[in-house]
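**Student:** The active site, charge relay system annotation in TrEMBL covers Asp173, His214, Ser388. Summarising the annotation, TrEMBL assigns domain 'P/Homo B' to 463-598. Summarising the annotation, TrEMBL assigns region 'Disordered' to 192-214. Taken from TrEMBL, the feature signal peptide applies to 1-26.
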Amino acid sequence: MNGQVSDTKMCIFFIFILSTLEICQSLAPRNVYTNHWAVRIAGGQEEADKLAAKYGYNNYGQIGSLEDHYHFHHSRVVRRAAFSTRGAHSFIQMDPKVDWVQQQLVKQRVKRYIKSDTRSPDPNFIHFNDPKWSNMWYIHCTDKNNRCRSEMNILAAWQRGYTGKNVVVTILDDGIERNHPDLAQNYDQLASYDVNGNDHDPTPRYDSSNENKHGTRCAGEVAAVANNSHCIVGIAYNARIGGIRMLDGDVTDVVEAKSLGVRPDYIDIYSASWGPDDDGKTVDGPGPLAKQAFEMGIKKGRKGLGSIFVWASGNGGRQGDHCSCDGYTNSIYTISISSTTENGNKPWYLEVCSSTLATTYSSGEFYDRKIVTTDLRQRCTDGHTGTSVSAPMVAGVIALTLEANPLVSWRDIQHLLVKTSRPVHLKANDWKTNAAGHRVSHLYGFGLVDAEGMVVEAKKWRSVPTQHTCTRISWETVRPHYHNAVYIPWCTEQAEQHVSYVEHVVVKVLVVHPRRGDLEVSLISPSGTRSQLLAKRLFDNSNEGFRNWEFMTVHCWGERAEGQWILEIIDNPSSLRNPEVLGKLKEWTLVLYGTSGHPYQSHGTQHSRSRMLKIPTPSRDPNGECGDQGCDGPDPDHCLNCIHYSLGSLKTGRTCVSHCPLGFYDNLEARRCRRCHKGCERCVGRTPTECRSCRRGLYFNPLNTTCSETCPAGYFADDSKSSGVA
Ligand SMILES: *[C@@H]1O[C@H](CO)[C@@H](O)[C@H](O)[C@H]1NC(C)=O
Ligand SMILES: *[C@@H]1O[C@H](CO)[C@@H](O)[C@H](O)[C@H]1NC(C)=O
């Protein structure tokens, strides 16, 4: 106890004299204090509440089953300080009613690792001297409470040698502090521009409130220099980083278009953590110039491979906002990223929608940890929050991916994210498996990003075939509360627009309506996957309806295109309007984006179902230790612990696969591929009605989603699709 106190004193002393945290940490590595206290008070909850209020704490209640022990929290204390809090807070210690009090310390990670799950990479395998390294929980993910249970596998990607070398990222924001000691070395003048000031210096404008700190915070997450004894380590710590200063002034279509189009042949990745108001009533997106800038970027950027635009999905959760009303996140050209808390809970700010592709860790409730990163005025902060955190994290992960394979296209990157992101412990009540076998949710897209999965897949990736587009317009005028179906055999027949396998699906609607917030819109794919394109919005009183607004879903990714696509619009008249006045759907357009052949079978085997049924054999890495598909154990042929899924039985030998083959579905809990019901090619479970497509010779019955040799009454057999058709 005495030793601890003197360490603490020393620590304060050195901070004062030298203002460096490193010395502090090296002298007292175990003392990282939080703003949480344990307090022992006799006399029950009421007495504890009184004392908490008296000294300015919140009482979180009894600590587990320990009688008379309470968890107190003080919001005005610096979180995760390297010193114990003295002053006013020590008065509680002197209160005669308080038996005992202890400020809570963060346990050192090295020690926790030893006790923790051996599957987590050792955070000290790579040791960085950056003082905030130990606070970067979302990277090393070891914790005594195991709150951050699943890895984004960033350490593992680094261990494979990928750190972002030769990849150029820029941050579209309020500027970046280019001489920040943790950014200067990676700062790239050619990836920077000041659109607001119309010059080449993106340095933020300084004011007393540090209003323009956002861009600098995002930049550090991507490419803060590693092992320079300063602040943090960026996810792509050897990438080049620039900044486009464009938010500190009037933002216009011109400003946006300029910003999105800065040096598309030089800049690989554009990260944007901004968008229209997340107030739950705005419907807004890119103007005509910005739309063109996106299209130019994906067509011409990166010498034709396509610029990568990463977007934060929005922070309007508390306002009941829905990210489908944000035209930037809704665009097929942007990679829209959501956030989850360290516990895998839905953060209060999260916006739900079907265009979100993947997720990273970020902040949550006040007691959840936030993100540490570079801050304005050469500082470092541990208070970076919201989905703003998530876009730059993914920009960093994509930088690692582009280093692994610089030839992947903008669509390849989206395919890679779909393939490798995982639901793991992220909690949502809407996880579903689509007909292509991908687990997907409106909160998290395809799940938590997996940096190692990205670099491993990218390394052996073959570019997906050309993108095709199929557009179908329906002019029928219908009242809401109506299922309107479009049957699409058409897309697969016209050679020009042949789409068999779906990527993005866009639904453009023209709706007149007295109160837009009352509408719910869903799209149901031929395989039965339901995407919610819009949920009710409490604050949206607009009578403007939707004027050719484009909703987008990625939930049908990999599914077959042909069949019946159903648009469902439900009108729930709120008390705020005259229920007699109804809306109308005047027109809607379905646009399917995708490929004519199977995206991952670019060698002419896409029509051969029997070949697709072959169970892939995992390749080995040169050391012979690990299945390439991720066995975490010594014997990949009898692997007990696969990173993704295991296939086969213990008796016949298990192999590890990153995705279950046709004829199998992934059982997430057991991390195993299990066999579909007899005759099913794709399924979401074992029972006959959980089929989503059938093996050759059988027909898919859309009425009860089973496979059989004959079609039900009212349907004829369409042999080209092995599916019953109405
Ligand atoms: C960081 O620098 C220290 C010396 O300050 C060195 O011992 C360590 O190996 C370096 N870490 C990495 C990952 O390069
Ligand atoms: C599905 O429906 C068909 C007729 O449409 C019927 O013959 C078959 O038994 C049904 N299967 C199941 C599992 O309900």
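Glycine is no exception: its Cβ is also placed from the backbone N, Cα and C atoms.
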**Student:** Go through the chain and flag residues at least 6 beyond the ends of the region 'Disordered' (192-214) whose CB is under 8 A from any CB in it; none is fine as an answer.
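**Tutor:** For the region 'Disordered' (192-214), the far contacts come to 170, 173-179, 242-249, 255, 258-259, 262, 273, 375-377, 381, 388.
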**Student:** Rank the active-site residues Asp173, His214, Ser388 by the number of other Cβ atoms within 10 Å of each Cβ and report the first-ranked residue.
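**Tutor:** Most Cβ neighbours within 10 Å: Asp173.
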**Student:** What's the CA to CA span in angstrom from Ser388 (active site, charge relay system) over to His214 (active site, charge relay system)?
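**Tutor:** If we compare the Cα positions of Ser388 (active site, charge relay system) and His214 (active site, charge relay system), the gap is 9 Å.
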**Student:** Please spell out the DSSP helix, strand and coil residue counts for the region 'Disordered' (192-214).
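**Tutor:** Its residues fall into 4 helix, 3 strand, 16 coil.
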**Student:** If you average per-residue pLDDT over the domain 'P/Homo B' (463-598), what number do you get?
**Tutor:** 84
**Student:** Quick one: pull the CA-CA distance for His214 (active site, charge relay system) versus Asp173 (active site, charge relay system), whole Å only.
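**Tutor:** Per the Cα atoms, His214 (active site, charge relay system) and Asp173 (active site, charge relay system) stand 7 Å apart.
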**Student:** Counting each residue once, how many in the domain 'P/Homo B' (463-598) are helix, strand and coil under DSSP?
**Tutor:** 9 helix, 68 strand, 59 coil
